[in-house]
Amino acid sequence: MDLKGKKVLLVGLAKTGISTIKHLDKLGASIIVNDIKDENKLRNILDELKSINDIKYILGHHPEDVDDIDMVVVSPGVPLDLPFILKLKNSGKYIIGEVELAFKLSNNPIFIGITGTNGKTTTTSLVGEIFSRAKRDTYVVGNIGNPVIDTIETSSEESVLVTELSSFQLESIDEFRPKVSAILNITEDHLNRHHTMEKYIEAKANIFMNQTVEDFCVLNYDDEVVKSLADKCNAKVIYFSRTKKVNGGVYLENNDIIIDIDDKIKFLNKDDVSLPGGHNLENCMAAIAIAYVCKIDLEVTKDVLMTFKGVEHRQEFVRNLDNVIYVNDSKGTNPDSTIKAIQSYDRPIILIAGGMDKGSNFDELLETAKSYVKSLVLLGETASNIENCAKNKGFNDIHIVKDMEEAVKTSYEISKSGDIVLLSPACASWDMYESFEVRGKDFKDNVNNLK
């Protein structure tokens, strides 16, 4: 892709936007940057880009004159149904995201693409660790926090790019083709962005839209929505299942994880897997399938599964204080993720939840919580919504708080020996925090300040 002298409009100055600008500049593109935030709110980012000359900025509003633009690169946080994006599309402008741009500019590395409503980051990290220990030139990139485009100069045909992909990123691909794709699960999420479940599912399914019979697609057999996508996939489908024996896949039999893709292999007892919870067992089975079709030594995969300690902000142990365990699951940004978190523990749970409203329904979460959660501590935009739903389910021990400091203090005061205080918000963080990572750190800081 020759971008020298091409006029490229980049929409959205987030982390991927900064990396994209730097690479577009190296390639000689003429760069126009647009963000709905004004200059004052973007000061730190603009300072980082000072060394790049001749960037034209349109800040605080979207551009009106777009006729002479050659290509548009949108950051993941930019909805594709914005009126001015639709205007660009209708005028025939080529619109892609950072993942697609990186794919086009790359040196043909092996892409492994992993998506799903929940478990993406854990599975991506797990697969990355497996490939790294197998001495493969491995990059762990994408929605996990490392822009894909930052690899284009250092990766080669021998490199493996283990890529976490959100529905936002998958909306803006065109030719992106992973050698192995995986869809872990699909449950209701991001309906404030996609508007309908059908559109959300369609975005997730984009991960395999360019794959051929030479590629592999790993699907969760136990998830009816995911399983139904197999008919639309041209790649060789490899299923994983906790509940059924699947031919040509990975499944559980008498507590043993079985690989039955070529020959039947009794691989590992599920109790030897280091990560807790049935949802993490599914993540591990997906990782096993990916590693197997990529011909990774089975002993390497086994060793990683037995020793992997998990990922920050995903059911992360923070502290045991007076026999009360504090757990940071700030990445639990939707109800299904929080359901899986609370089902992982056999202690009474004080659940800290609430955050930005994404249009989620909390009925199933609170119905499940009745069997696990003794107290609710709620904050953020959705606090009153969750409170009302909880009362309808019969909860009466509910505490509304103004911030994380009060949430942790309240949880500490009402806890008893043997309890778990679990931050698993079931909501996005953006009403109160820049990211779920910042939210998780705030929780951990407050927990560690308890005396």
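Even glycines carry a Cβ here, placed using N, Cα and C.
According to TrEMBL, the ATP binding site annotation covers GLY116, THR117, ASN118, GLY119, LYS120, THR121, THR122. Annotation source TrEMBL lists domain 'Mur ligase central' at 114-291. What TrEMBL lists as domain 'Mur ligase C-terminal' is 313-427.
The helix, strand and coil residue counts that DSSP assigns across the domain 'Mur ligase C-terminal' (313-427) are 36 helix, 30 strand, 49 coil. A coil conformation is recorded for GLY119 (ATP binding site) in the three-state DSSP classification, outside any helix or strand.
Residue environment of LYS120 (ATP binding site) contains 24 other Cβ atoms, counted within 10 Å of its Cβ in all protein chains. For ASN118 (ATP binding site), the number of other Cβ atoms no farther than 10 Å from its own Cβ, over all displayed protein chains, is 26. Neighbouring residues of the recorded ATP site, listed in sequence order and excluding GLY116, THR117, ASN118, GLY119, LYS120, THR121, THR122, comprise ILE114, THR123, LEU184, ASN185, ASN283, SER337 (Cβ within 8 Å of the Cβ centroid). There are 22 other CB atoms within 10 A of the CB of THR121 (ATP binding site), with all protein chains counted.
Sequence-distant contacts (6 or more apart, same chain, Cβ under 8 Å) of GLY116 (ATP binding site) comprise THR123, ALA182, ILE183, LEU184, ASN185, ILE186, LYS204, ASN220, VAL226. Here the Cβ of THR117 (ATP binding site) has 24 other Cβ atoms within 10 Å, regardless of which shown protein chain they belong to.
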